[in-house]
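The substrate binding site annotation in Swiss-Prot covers ASN248, MET277, TYR306, HIS342, SER362, ARG363, GLY364, ASP403, GLY404, LEU405, ARG406, GLU442, TYR469. Residues or ranges marked as Zn(2+) binding site in Swiss-Prot: HIS446, HIS510. Annotation source Swiss-Prot lists [4Fe-4S] cluster binding site at CYS590, CYS593, CYS598.
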Amino acid sequence: MNANPKFLSADAHVDEAAVAPLPNSRKVYVTGSRADIRVPMREISQADTPDSFGGEKNPPVYVYDTSGPYSDPEAKIDIRAGLPALRQAWIEERGDTEALTGLSSDFSRERAADTATADLRFKGLHRTPRRAIAGKNVSQMHYARKGIITPEMEYIAIRENQRRAEYLESLKTSGPNGEKLAAMMGRQHPGQAFGASAFGPNGLTAITPEFVREEVARGRAIIPNNINHPESEPMIIGRNFLVKVNANIGNSAVTSSIGEEVDKMTWAIRWGGDTVMDLSTGKHIHETREWIIRNSPVPIGTVPIYQALEKVNGKAEDLTWEIFRDTLIEQAEQGVDYFTIHAGVRLQYVPLTAKRMTGIVSRGGSIMAKWCLAHHKESFLYEHFEDICEIMKAYDVAFSLGDGLRPGSIYDANDEAQLGELKTLGELTQIAWKHDVQTMIEGPGHVPMQLIKENMDLQLEWCDEAPFYTLGPLTTDIAPGYDHITSGIGAAMIGWFGTAMLCYVTPKEHLGLPNKDDVKTGIITYKLAAHAADLAKGHPGAQVRDNALSKARFEFRWEDQFNLGLDPDKAREFHDETLPKDSAKVAHFCSMCGPHFCSMKITQDVREFAAQQGVTDDEALKKGMEVKSIEFMKKGAEIYQRQ
């Protein structure tokens, strides 16, 4: 892989499409208890309700925003300099970390001295890595268990609430019908949360910093914020919070450049990616990762065994603990926020996969299975797990305990190998928690719908409610090219049952490396699944956006319908294919039914008739039916009549 010349040139910049604000949206910041807690949100402005519908004011709707400074017109974006170090002051003021005099990893030092890669390096970083002072633990879980509410926790509480209280208050003061309007727009169906404590009749009406602290201390949620990634905006992953979505990017040995991967990252977060995993396996993994981290406002995850394998020329049996340890330190000092580590692939489970239709499909799982068989012993990941914990808590890197034995077909779902590994991951979680290391659990995979809840229930039981992070699951194997849909079905279900973060699947799954369009399709599909899960659980305020869009639809506010949706561009494009003129944006019909058969237009006609006659809507319908009956009989009572 060669570097993209434009990306490395003096005027390198991200794709203009990734930094333009979304239609009728602007970046706003909500300040917390201190001036440097400025939480970003996207404000979507709305048009007033037309006079024919009552002439109401429709205040802006606020939504969760993962795009970082890229969608802020006032921010100066220079990818060669990276993003501002948002959390640097918070990290330093705690007094439990130190700036290192140099790089701790042997590989990092070798790479820094390698003249062949000099032109590829990120040169905008002018600080050295930080690490916990000897004997200190700098994880957010450690602070939470000591009763400390960190700035990150307050930031998250503000972010999760999405200014819902302010929105409802603005409705109340919008006019004479404000109280009624607020009650209508704030209405939400009761959810079924399957035991998640934040929801239900006695649940929360808003997320508080103390609640964030409690959930992190309990291990039910994680805040993936490496101290060497101060550019990241704090976010939380847990079943009592909004369901999150991860996007996978990364180069391979045969395609893609550093520049393309940075573009994919900014594109993914524009459309709602809450975290991004860099799964690069080609050349220049180290340099690609540095560029991505320095320009990412969301947590970055990796699978360190991929790079470790590159260091031994792809021979799994040549991997050692020493090489892997050095790779962990290298990536921790770059700022990786969570590591996928397949420590649950034990020697005793490998033979169980022989009965499978598709064997071991996890890349990391197959690497470790091969190592176990070659050496006929437990993997160094399992044997050195406590040593890994020592590294994690020195930088606040979170575990994403990998499901190396996940099923690669619905035939293999919920088999002995998969569930055996899951039980081991639960045991490893307890060890990680003993060190106050934040931990989430990765899950399948390919699972038919009737077996999905069993996966969730066993994970909650065996892993003691540690956050579950699942790939889909795909609910059928018959749709290559459409696996974003086969998996989106499973993602919505398992998100409802309790999964905290969904790993997106693109249309290219099983077929090739996704491009930017595939990334967007995957993100939108999974934001939809995550939101459906939030609605089903009864997350406080989850229905606000649905209510706002439904009201806009009923009032034929077309632009507001587009802009309140997950993909305004696509909605506008589809509408304009058949009704491209500006006049169609205020029409009281669309191309589906036309002007005479629009159900919402008919409903409005009934309401107007009721108002004119001084009767209720039901009475108006009855009167209207009587009039139409007389007309029908006068015309000969024929179903089909000449015009």
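Keep in mind that glycine also has a Cβ here, set from the backbone N, Cα and C atoms.
Fewest other C-beta atoms within 10 Å: among the binding-site residues TYR306, TYR469, that description fits TYR306. Take the binding-site residues ARG406, HIS446, HIS510: by the count of other Cβ atoms within 10 Å of each Cβ, the lowest one is HIS510.
Among the record's substrate binders, ASN248, MET277, TYR306, HIS342, SER362, ARG363, GLY364, ASP403, GLY404, LEU405, ARG406, GLU442, TYR469, no two C-alpha atoms are more than 20 Å apart, and one pair sits at exactly that spread. Each of the binding-site residues GLY364, GLY404 was scored by the other Cβ atoms within 10 Å of its Cβ; the lowest score goes to GLY364. In sequence order, HIS342, GLY402, ASP403, GLY404, LEU405, ARG406 are the residues of the chain that are 6 or more apart from SER362 (substrate binding site) and have a CB within less than 8 Å of its CB.
In the three-state DSSP scheme, HIS446 (Zn(2+) binding site) is classed as strand. Taking the Cα of HIS510 (Zn(2+) binding site) as the reference point, the closest of the binding-site residues ASN248, TYR306, GLY364, TYR469 is ASN248. Here the C-alpha separation of GLY364 (substrate binding site) and HIS446 (Zn(2+) binding site) works out to 17 Å. Taking a C-beta cut-off of under 8 angstroms and a sequence separation of 6 or more, ASN248 (substrate binding site) has the following same-chain neighbours: VAL276, MET277, LEU279, CYS503, TYR504.
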